[in-house]
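The region 'Kae1' feature in Swiss-Prot is assigned to 1-329. What Swiss-Prot records for 340-547 is domain 'Protein kinase', and it gives sequence analysis as the kind of evidence. The ATP binding site feature in Swiss-Prot is assigned to 355, 356, 357, 358, 359, 360, 361, 362, 363, 377. Under the heading active site, proton acceptor, Swiss-Prot lists 464, citing sequence analysis as support.
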């Protein structure tokens, strides 16, 4: 059988890189990196760099391929990064790709840059159906495949982790690229400095962390601040990845993107996966940053599934989202089936037997008054987190949950009754119910909307609205897990709350559009400002990740 040869061009930001691959082999790759004299990336200068070197990069690539017996006439298609990325850079490499496509009379393939990071990781590791932690300059997302698309479970609400690291590095006077310099400085630290730790369900925010870290430089050493920044930011992304694992029941994590080259981040993810019994995969470092091979290989997958472009449809998209792509090259039936827990297992478990191993806590039953079952939620240490971060978070969330779960019940939201509070442990009413992630229907989604409407009317934001945190007991719906909850009546806070739930619908449940509409109906019936909040949800969803 004849090999398929695809030439791919990457040029979304710093790297201009081109490669030729087959189904099993990297034939050649050539890269020219834009390096500004000072500061961060300048889009027009980067585009000028790409324009200057595009011809020579392609020429060198074809020469290397020829040495291995591959001629231009052997090529089957030309793939290029269609987005997301910096507009001027994208337009430059798209022009080069179109010229090659026309001159060789072969198809053009527009590749989503983020998905290319995922596919190169799956190609170069044993991962098959992972939860993907994708952390690069402009993007920070937790992703997994379902129903023909890569779905986003959570993402940054402001700035990507890589850009946040670079921004802090510039303020600290460190040369570009900032990430490796921060990693090197962190190795000489002597203490941890408390910094903001911001997680909103499965979404993240890094802007406050960067600002606080810059302020900390006035009182602490550069080494200590770099160490503290890393420990805090990486703990946040690892926790979100663990939340996705717990919610989906999957047992693989794949690390993708340039920030994934950081050794400490890899260590933390590996520790988390070992504790959960999950497998952790990461490709070679050469495939973590932006590279032509990932574009060529993803282009090959697309080409073989009939996914090519006409010239008229080859416009670039600087805000091209991961979940906008119709993934034609993956067959749903070939993916691993996630085992679903039997609803009866929640009801039959004997005292002391672990019911659930969540991202925050372990859940088990105990004997209560008069022989009744009591649910115990114990926030156990997370070894991947720095001890100071871990103890602070577990203590704060335990107190918050005990207080706000009671406040929510007073506001008319069904929640478990708290019986006893310890430093890292809660004893509460055992609800003989089942998480609605196993049962969700439009009718249930409407009831969820009514519940959240009452919660928001009382000024409480849940902070972790997922279908794992809603229980159905008979005809009654209960809201649980208030560890990330807080009081806030702002449109932004309420919008993020609902956005997290909608992401869960889209990433985990089939027919998510009907679930969203049903929720909106229920939400509007109990919350007077629902229309304003839902409008804000749309704004949050459309926020660009490239600045």
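Each Cβ is built from the backbone N, Cα and C atoms, and glycine gets one as well.
Overlay of Swiss-Prot annotations on the structure.
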residue	record	Cβ contacts under 8 Å, 6 or more apart
357	ATP binding site	246, 276, 363
359	ATP binding site	239, 242, 243, 245, 246
361	ATP binding site	377, 378, 379, 380, 483
464	active site, proton acceptor	200, 201, 481, 483, 484, 485, 500
